[in-house]
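Copied over from TrEMBL:
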DOMAIN    2-29  domain 'C2H2-type'
DOMAIN    30-57  domain 'C2H2-type'
DOMAIN    58-81  domain 'C2H2-type'
DOMAIN    90-117  domain 'C2H2-type'
DOMAIN    118-146  domain 'C2H2-type'
DOMAIN    147-175  domain 'C2H2-type'
């Protein structure tokens with residue numbers, strides 16, 4: 001049996017473990033030559049290539065909108081034309097909350113567990129969501145912030161965080177331009 005290096009998952013098929021480990025590493029070796037988007041599995045890239053085609057054979061029966069992939073049509077139908085009785089909804093087995101989108105359902109399930117499947121590639125700290133692991137790597141290890149305080153130079157991910165910092169740390173900063181402040 002082959003085992004995942006990051007969690008208890010195992011399989012008799014090595015390829016399945018290799019593919020599974022990409023969940024932890026974020027590796028996406030199959031790259032679209034048109035747009036550069038990466039994929040964990042080759043068949044995901046093959047399916048994606050349809051978005052660059054002019055052909056849209058999957059038509060919504062409710063509104064007539066056409067899609068290049070059946071999965072995109074299904075997502076459209078569940079979001080735009082929900083079925084009475086929750087047929088298209090995924091229900092959380094822990095709290096009975098319902099989700100029309102699979103990715104939201106999957107992310108919600110992690111709120112009920114202590115599992116942290118995504119690891120920082122530099123220090124090993126673990127996270128529930130891949131985006132949080134990437135954000136950690138950028139901030140802690142690469143020090144890549146989108147905005148910086150003009151008063152003290154501290155970095156932040158968003159203008160909201162910067163404004164909050166300025167209001168707390170630099171009392172006379174102008175709210176609009178953040179031009180002047182007391183230190």
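Backbone N, Cα and C define each Cβ position, glycine as well.
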Long-range Cβ neighbours of the domain 'C2H2-type' (2-29) (under 8 Å; 6 or more residues past either end): 38-41, 117-119, 121, 130, 133-134
Model confidence over the domain 'C2H2-type' (147-175) (mean pLDDT, whole number): 77
Helix, strand and coil totals (DSSP H, G, I; E, B; other) for the domain 'C2H2-type' (30-57): 11 helix, 4 strand, 13 coil
Tertiary contacts of the domain 'C2H2-type' (118-146) (same chain, 6+ residues out, Cβ under 8 Å): 6, 23-26, 107, 110-111, 155-158
Residue numbers, six or more beyond the limits of the domain 'C2H2-type' (90-117), whose CB comes under 8 Å of its CB atoms: 6-7, 23-24, 75, 78-79, 82, 126-129
Within the domain 'C2H2-type' (147-175), residues counted as helix, strand or coil by DSSP: 11 helix, 4 strand, 14 coil
DSSP helix/strand/coil residue counts for the domain 'C2H2-type' (2-29): 12 helix, 4 strand, 12 coil
Tally of DSSP helical, extended and coil residues in the domain 'C2H2-type' (118-146): 12 helix, 4 strand, 13 coil
Secondary structure tally of the domain 'C2H2-type' (58-81) (DSSP, helix then strand then coil): 11 helix, 4 strand, 9 coil
